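Feature list (source: TrEMBL):
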| type | residues | note |
| --- | --- | --- |
| ACT_SITE | D393 | active site, 4-aspartylphosphate intermediate |
| BINDING | D393, K394, T395, E497, F538, K561, R595, T675, G676, D677, R788, K794, N817, D818 | ATP binding site |
| BINDING | D393, T395, D814, D818 | Mg(2+) binding site |
| COMPBIAS | 1142-1167 | compositional bias 'Polar residues' |
| COMPBIAS | 1181-1204 | compositional bias 'Polar residues' |
| DOMAIN | 17-83 | domain 'P-type ATPase N-terminal' |
| DOMAIN | 840-1094 | domain 'P-type ATPase C-terminal' |
| REGION | 1102-1204 | region 'Disordered' |
| TRANSMEM | 277-299 | transmembrane segment |
| TRANSMEM | 319-345 | transmembrane segment |
| TRANSMEM | 871-892 | transmembrane segment |
| TRANSMEM | 904-924 | transmembrane segment |
| TRANSMEM | 954-973 | transmembrane segment |
| TRANSMEM | 993-1011 | transmembrane segment |
| TRANSMEM | 1023-1047 | transmembrane segment |
| TRANSMEM | 1067-1087 | transmembrane segment |
Amino acid sequence: MEAFWRRNSHVEKERHVKANARDYNDKFSYADNHIKTSKYNVFTFLPINLFEQFRRVANVYFLVLLILQIIPEISSLSWFTTIGPLVLVLAITAVKDATDDYFRHKSDQQVNNRQSQVLIRGSLQNEKWMNVRVGDIIKIENSQFVAADILLLCSSEPYGLCYIETAELDGETNLKVRQALTITSDLGDITKLMDFDGEVICEPPNNKLDKFTGTLYWRDNEYPLDNEKMLLRGCVLRNTEWCFGLVIYAGLQTKLMQNCGKTSFKRTSIEKLINTLVLWILAFLICMGVILAIGNTIWESQIGRNFQVFLPWNEFQRSAVFSGFLTFWSYIIILNTVVPISLYVSVEVLRLGHSYFINWDRKMYYSQTDTAAEAHTTTLNEELGQVEFIFSDKTGTLTQNIMVFSKCSINGKTFGDIYNEYDQKVEITEKTACVDFSFNPLCDRRFKFYDSNLVEAIKLEDLAVQEFFRLLALCHTVMPEEKSEGNLVYQAQSPDEGALVTAARNFGFVFRARTPETITLCEMGRAVTYQLLAKLDFNNERKRMSVIVRNPEGQIKLYSKGADTIIFDSLDPSNEDLMYTTSEHLDEFAREGLRTLALAYKDLDEEDFDVWMKKLLFASTVIENREKQLADLYKEIEQGLRLLGATAIEDKLQEGVPETIARLSLADIKIWVLTGDKRETAMKIGYSCNMLPDDMSEVFVISKHTVQEVQQELRSAKEHILGLSRVSSTGDVEKTNMFVVDSVFEETIIAEYALVINGHSLAHALEPQLEHVLLDLACLCKTVICCRVTPLQKAQVVELVKRHKGAVTLAIGDGANDVSMIKTAHIGVGISGQEGMQAVLASDYSFAQFRYLQRLLLVHGRWSYFRMCNFLRYFFYKNFAFTLVNFWYGFFCGFSAQTVYDQWFITLFNSVYTSLPVLAMGLFDQDVNDQNSLRYPCLYKPGQQNLLFNKRQFFLCMLQGIGTSFLLFFIPYGAFSVMVKEDGSNFSDQQTLAVTIATSLVIVVSVQIGLDIHYWTAVNHLFIWGSLTVYFAILFAMQSNGIFGIFPSIFPFIGTARNCLSEKSVWLVILLTTVVCVVPGLVVSFLRADLFPTLTDKVRHQQLRKREGPQEQNLRRVRRTSSGRSAKAFSHQQGFGELITSGKNMRMNTVPSVSSPGRTPHSSTWIENVLKRKNRVSCANDESTGGPENSEIAKQTPKQQHTD
């Protein structure tokens, strides 16, 4: 692909394609239809793959070491000690890359060899896809893939219609409609197609799947082309016998292939820390090399010269200083294992395992849609345990995105509520009688409506009501499918449109059929066909859609629906009174959590419309700035509208959303809702989700239109919070700077606030001079809701927090409008809902329901972070303990760069003896089970503070490793200096010391990992005991008579292990070394857990102590009882009447948020006073007060909870 772009380095400004003219098109050197996604071939694999791997600093480091080891003057280790692990790492990566590329080769070959029918020299000929060229006319049959990006010319369906499935492009399986130009729709005959010589001038190749701008020039006429005329490569033709198309883009220039570029690589904070620590370790390694080199220089100058008679210097070794220089490099080679090459491979193995655990979790499987959770990346798992901010879409994410037509306002009157004989509103339940739609034989039997007044208005032929539903039946992009007489099925691109068209259908205005030029309705049993003159499409900037039609009486009408703010701005001044009345109804609907749209229409004058239509046709053929010119023309004609009314659609909450938000809030995760809905609708969802509880101190609403007004509101709200919060214990306001906000002060604010800001105010607040004020205020609030925001603004809000707070962010959504937000956040989560799969395809993780987010973060995320941190702490400890023994030995061997260990032990220690136990710990360990992880959300907080592995933790495990290496060397060294064997001889050989230290090391690190493991499995037992067994087996095998006879020069130490380990005193030394190395750390861990228990320690204690299982308590649900904003839209469950009458709720003021394990009993000893801090575990410590014990735990910060 790179070679292709180098050959075509010139920038293509516009594309010219002529039908049936290969010679003409060849002069532009357009790409052919051959694709190549593979990276290598047989000859280039080795050099290119090695080049890519050696772009990693760690691999280059070990390659340099290998080169140094080849130099005999400085090499104190055989080359295989480094080349073994290096080749292993390179080979594993190469095999993985080769396997991936092999499958890419197979896929490319399969795709390139697909057959396609191409019109060549007057006949259809079968050609391979890779031989199709730009300008060819190809035939596609039902259920076939589209070979290239083609302009639809004609099809077997009337009016040039065809149906396609775009699952490979955007993941959506619902059928989409494409239609040919009317002028080409009758080119179904081969002869006509051969005579077709039209030329297309269009935009150059790009990756915009939903946009195409071009013009067809044929027979001295110009015809505008847009995306509705295009079939893209990767689509499948459905429900259409055949179609013909003109190839516009081929091969790597198709939109599908243009979207196959590399996505931005996300790195976790732990990965960045590891890279920093490796550089520190390199600096530490150099320091050790310098110390030992200086020692060698001093030793050679003062002592070594006395031994030159029988240990002469080499010819090139001229001085002690030069000897020290060579020794420096020798020790760099010896001590290189302090930077473990296997670290990066092990981390990738752990991440892969953690990803599979997410994929295999049956508790995140949604059976209704047969959708399992899926990890699309393996690099972010541990960061799931460190999230501080969640940015969530509302529709389809918090709600079900299953729309139901609930209420409406028509000509100033509302419909949808029912009243009793006392004119009191009656709550609608499942037992409420539905309206009888039997007068309409084409009604949808599943549709339910309860207000009979609307049906009566329809039957009385109320003109406003009829025009209202006529608009709903005409102004949309729905496609009807009539499987049998009267059995209509609507294919809608959004659930909102489907709900509105279904409502119009039931009230007597049935959408029956459409062609490119007509729309057919059945109005109260009478078929009526409207001529479709123009369609003014919806987009995120316009926020409305309009159609212009000519009715059977010849009148031209414009029907428009869209956001109320947009429609109201376009109304005729004479509609002012009706606008105010409808606006009140809209506010009422929004307070009930309903999604609203305003409807309006306009009668058009024939002459004015003709003038406007000419402007439209001209703008439609312009290549540059076509979209802007069209938008201006749309706005021009959408003025002076007459208001009809408004619709209200109910979108119910998903199951488990309030409980999920409550748990995540207890985990100190801030949840911001970013939605395009009205403010009242968004706030209603906030009340229903417990994001805006009754006891919230104040909700700040920012809704101004100028920079100055927005700035004033933001600063007033911030001043209000700081002014009320900075109160001393005597009740006086502290005289401090009220505008200095830091993270410490944010934690001291006890009152709870919420911020609600709309889109136009947010646009000003995101400007450079105000963004810090906005961020400070938002972080002081418990809840933030941004409404009426665009997709770009969603991404800007995420980027603002990401850039200035340094916190891990997560964005979750279900639609294409959430993609930018998902890609901007550290972690992107897609929900496979009703709006297609674009969010899922762009995400790092996906599942079917919002409630699974709590399990993804509080269980899998916390476990992944916990396991990775434990793995890293142990890994660094193990390598420091292993490597620094050679450092201490240097002081007793004349700084001669001799190693303590046998060279084979150095080679196998990290790759064989200790690799599997640490991997098992990193894969399967868990401090508490998944139930307790969810029951106590506060356990999540240490990850947010990066407490389990940071620079301080690294230095602690580094010190532990240095101390262990010190003991591993000096205890055997000191013991052998005074010990004798059973036969009275001394332990005088270096290999006996080496075997003793090596055996002690393997046992010590095995015991240490056994103590570090919190959750034992059969795999842990197998790997730990198996590794010890393998160590002794290899040790005795390498020093046996048999292998010495085969390789005497490679394995010279015959019988050392057998002679050494047969001595009881050696085993006593090994036992003493193990005990002394392990016991101090064990004592510290015990005292810390007993005297300064963390929240995790307390939960683990209860988990072990309560065999009968803790009693479940549900998370509290904050019910709104007094606010007028609490409508009945979401009150669909049993109330608390029985609880109130029982008197069980009279004992405490607040309901505990989670279950609380009981107090741990202690004997009456001196330690009891110290252990008073060991209180009942409760994650309600930040949210509720349940007694003195909870209040004490509540005072612990996360750092106190995880004191080391």
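Using the three backbone atoms N, Cα and C, a Cβ is placed for every residue, glycine included.
The average pLDDT computed over the domain 'P-type ATPase N-terminal' (17-83) stands at 82. Secondary structure of the domain 'P-type ATPase N-terminal' (17-83) per DSSP, as helix, strand and coil residue counts: 32 helix, 2 strand, 33 coil. Long-range Cβ contacts of the transmembrane segment (1067-1087) within its own chain (Cβ-Cβ under 8 Å, at least 6 residues beyond either end) map to 960, 963-964, 967-968, 971-972, 975-976, 979, 996, 999-1000, 1003-1004, 1007-1008, 1011, 1061. Counting only the Cα atoms, the space from F538 (ATP binding site) to D818 (Mg(2+) binding site) is about 17 angstrom. A distance of 9 Å separates the Cα atom of G676 (ATP binding site) from that of D393 (active site, 4-aspartylphosphate intermediate).
Away from its own ends, the transmembrane segment (277-299) comes close to residues 57-58, 61, 320-321, 323-325, 327-329, 331-332, 335-336, 338-339, 343, 876, 884, 887, 890-891, 894-897, 951, 954 of its chain (Cβ-Cβ under 8 Å, at least six residues beyond either end). Listed in sequence order, A563, T565, T675, G676, D677, K678, R679, N758, G759, H760 are the same-chain residues at least 6 apart in sequence whose CB falls under 8 Å from the CB of R788 (ATP binding site). When the Cα atoms are compared, D818 (Mg(2+) binding site) and D393 (active site, 4-aspartylphosphate intermediate) turn out to be 7 Å apart. For the pair N817 (ATP binding site) and the residue listed as 'active site, 4-aspartylphosphate intermediate', the Cα-Cα distance reads 9 Å. A Cα-Cα distance of 8 Å separates D814 (Mg(2+) binding site) from T395 (ATP binding site). Here the Cβ of D393 (active site, 4-aspartylphosphate intermediate) has 31 other Cβ atoms within 10 Å, regardless of which shown protein chain they belong to. The Cβ of R595 (ATP binding site) lies under 8 Å from the Cβ of T395, M403, D496, A648, I649, E650, D651, D677, T681, each of which sits 6+ residues away along the same chain. With a 10 A radius on its CB, D814 (Mg(2+) binding site) counts 31 other CB atoms from all the protein chains.
Comparing local CB density within 10 A for the binding-site residues T395, N817, the maximum falls on T395.
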